[in-house]
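Reading through the structure tokens given below for one structure.
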Amino acid sequence: MTEYKLVVVGAGGVGKSALTIQLIQNHFVDEYDPTIEDSYRKQVVIDGETCLLDILDTAGQEEYSAMRDQYMRTGEGFLCVFAINNTKSFEDIHQYREQIKRVKDSDDVPMVLVGNKCDLPARTVETRQAQDLARSYGIPYIETSAKTRQGVEDAFYTLVREIRQHKLRKLNPPDESGPGCMNCKCVIS
């Protein structure tokens with residue numbers, strides 16, 4: 001069974017733990033209890049493949065930022081979460097993405113941008129803004145509500161699909177030998 005190491009990142013209070021607990025336990029946690037670091041495991045079937053999700057729910061608070069490099073090194077894919085009613089959390093996504101790219105030493109890291117709390121009427125980040133940001137990063141964007149469960153599975157499962165595609169790209173890199181080459185090999189004897 002394939003195991004996927006997923007890391008949930010984002011500013012404090014955006015609902016990272018609520019999303020994770022909703023996926024794992026089908027339960028909405030409405031009281032805010034800042035996370036230092038929690039790990040969850042769940043066996044799921046995605047596109048016909050049984051797999052084990054190893055999800056690391058991380059601290060959003062700045063005082064725990066020193067711990068980020070460590071979990072970013074071990075993660076295979078990242079849910080970058082902001083709250084649609086918190087513009088600052090949306091602006092913070094850029095810092096998380098840059099730190100992930102730096103720690104992974106790669107521009108090609110599986111990520112999904114997640115706009116959480118879409119059940120709330122007081123939106124300050126428009127869907128179009130988030131879609132544009134995700135497009136500029138070349139990653140999917142999904143709106144979620146940990147409260148209603150909307151988009152929760154979709155966000156995590158899309159990240160697994162991104163990791164799968166990333167692994168395939170690494171196994172079969174695009175042919176860089178030029179436009180005229182048809183992958184022919186010449187043998188001179």
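Glycine residues also receive a Cβ, built from the backbone N, Cα and C atoms like all the rest.
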**Message:** Looking at 26-45, 166-185, I want to know which stretch Swiss-Prot calls region 'Hypervariable region'.
**Reply:** 166-185
**Message:** Among all protein chains shown, how many Cβ atoms are found within 10 Å of the Cβ of Gly13 (GTP binding site), not counting that one?
**Reply:** 16
**Asked** Thr2 (N-acetylthreonine) to Thr58 (GTP binding site): how many Å between their Cα atoms?
**Response** 23
**Request:** Might you list, by sequence position, any residue in that chain lying six or more from Met1 (N-acetylmethionine) with a Cβ less than 8 Å away from its Cβ?
**Result:** Gln43, Thr50, Cys51, Leu52
